[in-house]
Amino acid sequence: MNPLAQPIIYLTVFTGTLITALSSHWFFAWLGLEMNMLAFIPVLTKKTSPRSTEAAIKYFLTQATASMIFLMAILHNNMFSGQWTTANTTNPYSSLMIVTALAMKLGMAPFHFWVPEVTQGVPLTSGLLLLTWQKLAPISIMYQMYPSVDTNILLTLSILSILVGSWGGLNQTQLHKILAYSSITHMGWMVAVLPYNPNITILNLIIYITLTTTTFLILDLNSSTTILLLSRTWNKLTWLMPLISSTLLSLGGLPPLTGFLPKWAIIEEFAKNDNLIAPTIMAIISLLNLYFYARLIYITSITLLPMSNNVKMKWQFENTKPAPLLPTLTILTALLLPISPLILSIP
């Protein structure tokens, strides 16, 4: 990517998301999504390679299809209601098409097919933006229009996403794909609680972004893209071992770490609304998600690969990349659960 064009591209990505998030008019919401999508394609291909080009094409085709469905849905809604406001979506078919388009943009099942492949084909920094920042605009639209959507549709999408995300990550050796399937699972949890308490969805999104950012920073610091490379961390950056373990367990939702907080709040909200079957299914399926993170920790922290090299450890000579945000983010990924009553009491 041209260094001169890089600030303009990132500014356009930021502006597109901001327009969509702050808009109450369907046309401007669509316009922001388009700006964001077109500006994000150069971000995916900033390190030119056949794999990143393929990933960018897959991303463009999927997002363009979702945008066409979204535009058709808002025109259909305007034709029947005469309204352009996002909070006034009275036609059920329009609502269904909008949710379908947003689910495709979020990478929720059964429209998840592009997320692992695109994440695998791009650099770590681009993958981080894809799995965090690019979720903000679709979630903001869904947040505004959730009263117009059938709860059963959202629950079906959510449970299916949790199932696909948890099951799909079991057989992976590439860390990019594992984090992509984890993203699908987290999207399912966020959308599931949206009809009951949208504020918990926002809390879940903030915690998810914090955990995912911490994980990507650790992987970038360690230059790890596969489980095999991650297993050599003890020889490269010994001090990073406890950080990897706590972050991955928190991302899997193990108590008493921060990642358990949104799941706890969501299950409690379902119980308040006398819905016990859905959270039970979601919690049981999420154990698969926790399992493949526990497997990563076992390979990384507990097993010790045989080494025939008797020289000094590599970490004694290697210069560590600067990561000023990592200590703060690591604390947030592990220690927010004790103050959960304070967090949940915020209106």
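From the backbone N, Cα and C atoms, a Cβ is placed for every residue, glycine too.
A quick note: this is a predicted structure, and the numbers were derived from the prediction, not measured.
Feature list (source: Swiss-Prot):
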TRANSMEM  13-33  transmembrane segment
TRANSMEM  55-75  transmembrane segment
TRANSMEM  96-116  transmembrane segment
TRANSMEM  122-142  transmembrane segment
TRANSMEM  151-171  transmembrane segment
TRANSMEM  178-198  transmembrane segment
TRANSMEM  199-219  transmembrane segment
TRANSMEM  237-257  transmembrane segment
TRANSMEM  277-297  transmembrane segment
TRANSMEM  326-346  transmembrane segment
| query | Against which stretches of its own chain does the transmembrane segment (326-346) lie, if we need a Cβ under 8 Å and a gap of at least six residues from its ends? | reply | 203, 207, 210-211, 213-214, 217-218, 221, 243, 246-247, 250-251, 255-261, 264-265
| query | Honestly, do the transmembrane segment (199-219) and the transmembrane segment (96-116) touch, with at least three Cβ pairs under 8 Å and pairs 6 or more apart in sequence? | reply | no
| request: Sort out the residues at least 6 away from either end of the transmembrane segment (277-297), same chain, that have Cβ-Cβ distances under 8 Å to it, and list them. | output: 155, 158-159, 162-163, 165-167, 169-170, 172, 178, 182, 185, 188-189, 192, 227, 230, 244-245, 248-249, 251-254, 263, 266-267, 270-271
